[in-house]
Structures are given as structure tokens and as C-alpha cells.
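Okay, so here's the structure we're looking at.
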Number of protein chains: 2
Amino acid sequence: MKISVIKVGGNIINDEQALASFLDQFSALEGPKVLVHGGGKLATAMAKRLGIEPKMVDGRRVTDADTLEVVTMVYGGLVNKNIVAKLQAKGTNAIGLTGADANIIESDKRTGWEIDFGFVGDVRKANASPIIGLLEQGITPVVAPLTHNGEGQLLNTNADTMAQATAVALGQAGHEVSLRYCFEKAGVLLDINDDNSLVPVLNPQKFEEFKAEGVVADGMLPKLKNAFDAIDASVTEVWLGKVEGLLSKEPVGTKIVGS
Amino acid sequence: MKISVIKVGGNIINDEQALASFLDQFSALEGPKVLVHGGGKLATAMAKRLGIEPKMVDGRRVTDADTLEVVTMVYGGLVNKNIVAKLQAKGTNAIGLTGADANIIESDKRTGWEIDFGFVGDVRKANASPIIGLLEQGITPVVAPLTHNGEGQLLNTNADTMAQATAVALGQAGHEVSLRYCFEKAGVLLDINDDNSLVPVLNPQKFEEFKAEGVVADGMLPKLKNAFDAIDASVTEVWLGKVEGLLSKEPVGTKIVGS
């Protein structure tokens, strides 16, 4: 099967119009597909309304029990189910999932760091077979950024990593997978403020150069590491860019090329 | 296929120990099965924490936009996903769904009443084929009390009716379905305070007598109407009773017999 795995971030989730436009384009995308969505700011806003203070340790955000409750409600319920209902209205037979559902993504509670991140999970394993079973039924999985440890515990999990693990598992199961990370930039940019400075193809050598030169930094680093891990594992193609570029028939953005 | 459709109500959802015990018994139940769960008091508590006042019109609770947001978070997210994670830990490959997911249950926004119930849906149609597809993959659907209208709108929906519609659709698709409504009583009771006054078999004639005599009243009336509708449609057997009775190999409770 040729499968598209589309990751969409919080900036699109947060913006009603951007989300509507994304869902139109996602719905129009042909062939079997999987959507992995980030959380967005709704959880922070909901936590604030509930009087739950963001818990930071050494400048890092920690998912305590109250915060886990909020992200389970907001990501797994409010955001995920509204996306599903909207996709249904567009004729896409969506099904909303966390990693716990049909056991598609298992994780381990993060340990071994100097700080305790709380209920945060690092992906242990994505299981291709339930996802393929759904795709074969013409059903489109819509995955929220939550996983489980197999012992009854839900865990807050990075959506980029979940998308990568899903794409890799589908690739390893023998499918041709196109993984596309949609975010607010046109792709990897030589000048972060200039969409015209797009790097159309990025290979590991150039990535190392860009890191050394500071062309890529901050949030782009883990995103690109995910992208290279995917292409080096089993994923046929990996792209980064804006929704309108990546969801067109011939993707426009930065194409990641393996070593 | 022989399929069990188990409805479990808010009283069990609200009580951590009762829920754990129920999930043990549900997990141990052999064969393909579907769980439909009610909402419980968590949504009311969460609405209160968010400063959302219960909206009543003519003594009836109304689901306004804020309340719909809360039930989507609590029923579709918090309650549903925690049940799924706990079932996974017990070796049951659960998948959490609302009616919107895989389009399993469509509804119409309630109209034609003297009052406007807001975002409440009356079941229009349950679709057996996605449910059967999941069961054939060894996956156990866990259904939250929310549906959609097919036009992008989620709707708050009665879980008893959702269980009935699901059972009927599976029956009409040619499967042998056992529908079991678990609640806090041993079944239909001659004396509501005496579990020993259980009516083991209830047929429509006796139901009419009991209604006239006031033996059944209030919340039992719609529950029993649902039960008779199911048995009169296509469901092989319908039971009402306590978890420990209904989930044993030979169910103990009130068995509904059709006309």
C-alpha cells in the first residue's frame, strides 16, 4: 500500500481557519492516510481555567497528574473528536485514536533524566497491523499525542515522534510511506524569515553543516532528527513544509534524503 | 459471530473500585464484545470547576455549547481513554470510539420538543460494518455517549439508546447478539429495595401490568423500552442487572422476552 502519514502541529490546531483549510486539503489527499496531530495551546488554556499552574523543573515543562488529566481531555477528547467529526462531514471516514487505542503506540515513562518529567512517554513501539487493518477498511486514523505504557497508564507524548514511529512501523511492514511534517515554515530555510530561502533537499552532510553554522536550531533540531531517523529506517520519503505545499500532488517543501 | 454488547452506567464509571471490578469481568468475558459506557458525574464536576452552570429548561438538562465541550472532553477523552488504557493492561485490545469515529453511530439534533435540548442527538443509525471490521481484527470497541450528525457536529447522546442501536444493527447484519444493561439493581424488582424480589423474565404483557401498578417507573421506563425495542428488532437476548450477575457465564438478572 502507498500510505501518507501527515503530521500537523499546534499552530494549525489553534487556528480555526487554518484547521478548516488543512482538513479540506487532508480530506482531498488521495490514498490511504494517517493524521497525527499535536496538542496546541488549548490544553494550556484549559489548565489555566482549572487553576492548574504549569509545572516547570529546570525550565522544562512537567506533566503532573492534573496536567495529564487535562491533556487527555483536550487532546484525546476535544481536539481529536472535533477533527474526526469535521473529517466525517467532508467524506473522510476518520477514527480518532491515542496510542492506547488498538494498542497502536506503546511508550515508556521517561526516566534517566536529571529531572522527572512526570507522565511523559517516549515511544517504545508502534504497531503497524491495527493501523493497516483500519486503512484496509477505508478508515483514516487520526492520532492524538498520547500513548500508553501497556500497564494502564496514559502518557503525554511528542507528536513528531509518534508520526515518525508510525511511518517507520508501516514502512517496516512493507508499505511505501510518505511522511510529511506540516508546520508554519515553507521547510528548512537558510534565512528563517524568508520563505524564498527554502532548502529543497536536505541530506545528512548538509544537516551537519547547517547545525554547525546555526542555520537550523531550537525546535527544528529534534524535528529534523526525527525526519532523518525515519528516512534511515524504512520510510520512502520525508518532507517538511507548509500545509499548502506538502499536501499538493507534488509536494513542495524540504525533502529529506538519507545517508 | 456471537457478539456481546455490554452497557455500563455512570454509577460504575464514578466509582473507581466498581469500575476496576467491572473491567476485570468485562475483560474476562469470552468472544467478540462491545462496551458502551455512560458519562457519570465527572462531567458535572468538571463543568462546575470551569464555572459552567448546569442549564435547565422546564426542569430538563440542556446541553449548551460549553457543556458539549465538557462532555466531549470528559466522556470522549478522560473516561473513554482511561478505560481503554486499563483494558489494554488486562490484555483486551480496546479501541475508544464516539459515534463519529468510523461513523459508527449517526444522530439527529433533537428537535420537535417544546424545549430546545441544545446539542443532544437522537440516534438515527448505527453502522454495523465498521464495528464488525474491528471485532474481526480482535479489537474491542469501547463507545462513549457522543454521536455526530454527519455535518461536523458532535452531539451528547443517551448511552442506553446507543447500546440498543448498536446491538440492533449487529443483529440486522446477521449476528447473534446478547445485549446486557448493567446497572445498580439486580434487574427488574417487584420491590425496588429488595434484590430478592427479582423478576427473572419480563415479557411485554407483564411490563404493561408493572407500568400500570407502578412497579416500574422513572428511569426504568426508558431503559425497558430500549430493551423491548432491541428484542423486537433483531437482538437475540437482552438482559438487565448487576455487573456480577450479567457478566457471569450464565447471566443472572432480568431477561427480556419479546412479543
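Each Cβ is built from the backbone N, Cα and C atoms, and glycine gets one as well.
Binding of substrate is annotated in TrEMBL for A:Gly39, A:Gly40, A:Asn156; the matching candidate from A:Arg61, A:Arg124, A:Arg180 at the same site is A:Arg61.
Cβ neighbour count within 10 Å across all protein chains ranks A:Lys7 highest among the recorded positions A:Lys7, A:Arg61. For A:Gly40 (substrate binding site), applying a Cβ distance below 8 Å and a minimum sequence separation of six or more within one chain yields A:Gly9, A:Gly10, A:Asn11, A:Ile13, A:Asn14, A:Val79. A coil conformation is recorded for A:Gly39 (substrate binding site) in the three-state DSSP classification, outside any helix or strand. A:Arg61 (substrate binding site) is 18 Å away from A:Lys223 (site 'Transition state stabilizer') when you measure Cα to Cα.
A simple way to gauge crowding: the CB of A:Asn156 (substrate binding site) has 25 other CB atoms within 10 angstroms, across all the protein chains here.
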